[in-house]
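The ATP binding site annotation in Swiss-Prot covers Gly9, Pro10, Thr11, Ala12, Ala13, Gly14, Lys15, Ser16 and is backed by sequence analysis. Taken from Swiss-Prot, the feature substrate binding site covers Thr11, Ala12, Ala13, Gly14, Lys15, Ser16, and the record attributes it to sequence analysis. Annotation comment: Swiss-Prot describes 34-37 as region 'Interaction with substrate tRNA', evidence class sequence analysis. The feature site 'Interaction with substrate tRNA' is assigned by Swiss-Prot to Ser100, with sequence analysis given as support.
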Amino acid sequence: MKKIVVVCGPTAAGKSQLGMHLAQHLGVPVLSADSRQVYREFDIGTAKPTREEQRRVEHCLIDVAWPTEHFNVARYRELADAEIDRLTRQGKPALLVGGSGLYLRAVSGGLEPPAVPPDPALRARLAVERLDALYQRLQQLDPESAGRIHPNDQVRIERALEVCLTTGQPLSAQRRLRARDFSLLALGVGSGREALVRRIEQRTHRMIEAGWLEEVEYLRAKYGPDLPLLSTLGYAELGAYLEERWDLAEALQQIVVHTRQFAKRQMTWFRAEPDVHWLDESAGRQTLEQQSIEQVERFLAG
């Protein structure tokens, strides 16, 4: 039977570091479960593993689409299933690491995404509307999905509306459970509120030092400021700075505030998942890593 280990939790909690530690211990690649890391060139702002980290540990399911491509949870599940099958044939477990709840749930036996193909004409009509107007429309048509999607996430807002308007039913009502043909261990990496805020602030400044602002300038010049991905968390705030609507200090503060809000929504999502085993991060990184290895070894031996 297939065996899948999931490492999940809010942004900046330390999932990636733990995932790499487990990958090295198990001798398997990290299968990323991040809805923005799938896109090429969106690197620093998505906290994509660096080249050095990718040399140390193989990462799959990153850089699989261009920023102008349509990519959704159904396509992600297709790619993830192929990687899981490949690892199973090699007698190895799959290690999924990320904070995109929909991606993780679709792969781990939760949601079966509705098979609604893209509608270019409908997308063109939606693209000319203001993002806040689209979000308000989604709140009316599908309040459950709207509650799970950030108001700045244009890609997911447009997709949810596309499904609603194409089928006449809310996206949230069309998801169904898929049958499990594997065993699953889900490990949650959380953090206390103050510690998480501190990590978010530190990570934001590290990203700026690593060249995030230059990345945004490059992407805006190459694809134009209206590229939907440039309206997502962090890229939108730095775009406002480049347009001289905020100074840099205000842009960074807004990134921290919005990231905290996003992390809170992620925690709400993952806390509602019944099968997640939460690790005690307050015991320190070394203890956390040892706890995770012990749980994984028991799971694989079972």
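Backbone N, Cα and C atoms are what each Cβ position is placed from, and that goes for glycine too.
Location within the structure of each feature annotated in Swiss-Prot.
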residue: Gly9; record: ATP binding site; DSSP (3 states): coil
residue: Gly14; record: ATP binding site; DSSP (3 states): coil
residue: Ser100; record: site 'Interaction with substrate tRNA'; DSSP (3 states): coil
PLDDT averaged over the residues of the region 'Interaction with substrate tRNA' (34-37): 97
Within the region 'Interaction with substrate tRNA' (34-37), residues counted as helix, strand or coil by DSSP: 0 helix, 0 strand, 4 coil
Sorted by sequence, non-Thr11, Ala12, Ala13, Gly14, Lys15, Ser16 residues with Cβ within 8 Å of centre, substrate: Gly9, Pro10, Gln17, Ala47, Gly99, Val189, Arg199
Rounded Cα-Cα span from Ser100 (site 'Interaction with substrate tRNA') to Ser16 (ATP binding site), Å: 13
Environment of Gly9, Pro10, Thr11, Ala12, Ala13, Gly14, Lys15, Ser16, the listed ATP site - residues of the same chain whose CB lies within 8 A of the CB centroid: Gly99, Val189, Ser191, Arg199, Ala263
The one of Gly9, Pro10, Gly14 whose CB sees the fewest other CB atoms within 10 Å, among these binding-site residues: Gly14
Ala12 (ATP binding site), number of other Cβ atoms within 10 Å: 24
Winner by Cβ contact number (other Cβ atoms within 10 Å) across the recorded positions Thr11, Ser16, Ser100: Ser16
Other CB atoms, at most 10 A from the CB of Lys15 (ATP binding site): 24
Cβ contacts of Ala13 (ATP binding site) (under 8 Å, same chain, 6 or more positions away): Val189, Gly190, Ser191, Leu196, Arg199, Ala263, Glu281
Rounded Cα-Cα span from Ser100 (site 'Interaction with substrate tRNA') to Gly14 (ATP binding site), Å: 14
Cα distance (Å, whole number) from Ser100 (site 'Interaction with substrate tRNA') to Gly9 (ATP binding site): 9
Between Ser100 (site 'Interaction with substrate tRNA') and Pro10 (ATP binding site): CA-CA distance (Å): 9
